[in-house]
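Visitor: Before I ask anything, here is the structure I am working with.
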Amino acid sequence: MRPLAIIGPTGTGKSALALDVAERLGGEIGVEIVNADAMQLYRGMDIGTAKLPAAQRRGVPHHQLDVLDVTETASVARYQSEAARDIEAIAARGAVPIIVGGSMMYVQALLDDWAFPATDPAVRARWEQRLAEVGVAALHGELGKVDPDAAASILPTDGRRIVRALEVVELTGQPFAASAPTIGAPRWDTAIIGLDWETTVLDERLAARTDSMFAEGLVAEVAGLLRHGLREGVTASRALGYAQVLADLDAGGDGSAAREPTFVGTRRYVRRQRSWFRRDHRVCWLDGGSPDNVDRTLRAWRAVS
């Protein structure tokens, strides 16, 4: 069975659409969902990632959820390998794999079988040390001198990606973008659905989502994860919501002041997601508010299948 991918910005309703599609197909064929949200890989990071509780998954098997401890570093290469194995096993069982998420590099690495450039622990460690010495803003400036395009595409607060870009530039002698995947026929002939809303409507949804996260106990979740090493986690501690709560707690606050910067950071991230996904001509875009999205999604999938 060829897969279906449902991608797009945060807060657009991708998980709900995937479950609706799964229910519609359930009478005729099995369906299993493969997560493509990097932060939902982490055990215990539930509220801040809007991870669906098991009771709300409608009996549909889910993969690539809760596979990492918060002290482990998330890796696109690891995800690509493990998720591809999941997809091929699901298809071999005669079921439909539905890939769901909005983590840009994770989605594209999976669908385009991205071959990753070499890595060198010594070079990586040297740039990590440089980051610790000069700070993320200064290191972003250094990246801008050697690879302006990479600096323009990476947030000046994203130390992990800045370090990786500098590592790749040093090891390959080429711009970071030279290692990016080309956009050709998607792996496994996957049908790709993009879900989005008009900007002002999505902003309202994001505000409500952020309020709900704090009301449901995001601060308490962060406090609990601190006992499991969240602060030492290279990627987990930088996740939206979690990083902002940590910063407020470190400043002596009770975490509640993190609500606004979390919302602002999420809106900024949505702009990056749109810019990334909209350049992909293979995506069939749907309006999140349309009542016939299940039918349109299935038509697109059947046209491929």
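Even glycines carry a Cβ here, placed using N, Cα and C.
Copied straight from Swiss-Prot:
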type: BINDING; residues: GLY8, PRO9, THR10, GLY11, THR12, GLY13, LYS14, SER15; note: ATP binding site
type: BINDING; residues: THR10, GLY11, THR12, GLY13, LYS14, SER15; note: substrate binding site
type: SITE; residues: SER103; note: site 'Interaction with substrate tRNA'
type: SITE; residues: ARG124; note: site 'Interaction with substrate tRNA'
Visitor: Distance between SER103 (site 'Interaction with substrate tRNA') and GLY13 (ATP binding site) at the Cα atoms, whole Å?
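Guide: With the alpha carbons as reference points, the distance is 14 Å.
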Visitor: Just to verify a number: CA distance, THR12 (ATP binding site) to ARG124 (site 'Interaction with substrate tRNA'), in angstrom, no decimals.
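Guide: That separation, Cα to Cα, works out to 35 Å.
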Visitor: Hey, of the recorded positions listed (THR12, SER15, SER103), which one tops the CB count within 10 A?
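Guide: That would be THR12, with the most Cβ atoms nearby.
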Visitor: Between GLY13 (ATP binding site) and ARG124 (site 'Interaction with substrate tRNA'), find the distance joining the two CA atoms and give it rounded to the nearest Å.
Guide: 37
Visitor: Look up GLY13 (ATP binding site) in the DSSP assignment and report helix, strand or coil.
Guide: coil
Visitor: Give me the non-local Cβ neighbours of THR10 (ATP binding site): same chain, 6+ apart in sequence, Cβ-Cβ under 8 Å, ordered along the sequence.
Guide: GLY102, LEU206, THR266, TYR269, VAL270, GLN273
Visitor: If I take the alpha carbons of SER15 (ATP binding site) and ARG124 (site 'Interaction with substrate tRNA'), what is the distance between them in whole Å?
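Guide: The Cα atom of SER15 (ATP binding site) is 35 Å away from the Cα atom of ARG124 (site 'Interaction with substrate tRNA').
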